[in-house]
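Annotated in TrEMBL:
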DNA_BIND  126-223  DNA-binding region
COMPBIAS  229-248  compositional bias 'Low complexity'
DOMAIN    126-223  domain 'OmpR/PhoB-type'
REGION    227-248  region 'Disordered'
């Protein structure tokens, strides 16, 4: 499915904002990051907003667009945010989704399709994933366990979400690097081990077994047991030491 994308950026080329667009079949037009630039922009399926540098202006523009006329308010907005700016993004932005500039073509295409198929009340339902007592809210990038909000980094959230979305399925470390960190991440698989340890610590001793270790293979998210809580089983420790340089 080919989409009409309107990229709001001061750059001359949309691929400077999101390089993966060059590998996708969508129609891409570039306009200045101003509300007035949309007056003659015509139809667009998705607005891609460059929020890599000026976070305050990007947030203001997002809110203006969502509070503007019917066409602008109903058009999905995806903000492209540098990893260092992720902590500043909140529900107040009113953006439909966010992407890192380094996101691969498969991830970009999947997120574009998701925001264009959501409508009205169903968006909130799709944005919230429940697995047992764990609630993952994609709209606000938050995770709650027994109503306790988990303080997660962006990559910890993405890893937890991906595992929970595929509960019961076993993934190798290489697969998780590909799916969560992206095709252009050159770090080692020890990065996955360290992030899993951090997630388990934040889940707490009672729930750390949610992320199970499959020896000599990788990890999986354990499906909640029917008819009661799972017994607490200590997570298996990893043998190797963690590396000093990690992607958050």
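Positions of Cβ are set from backbone N, Cα and C atoms, glycine also.
Per DSSP, the DNA-binding region (126-223) is made up of 40 helix, 26 strand, 32 coil.
Summarised as a single figure, the pLDDT of the DNA-binding region (126-223) averages 87.
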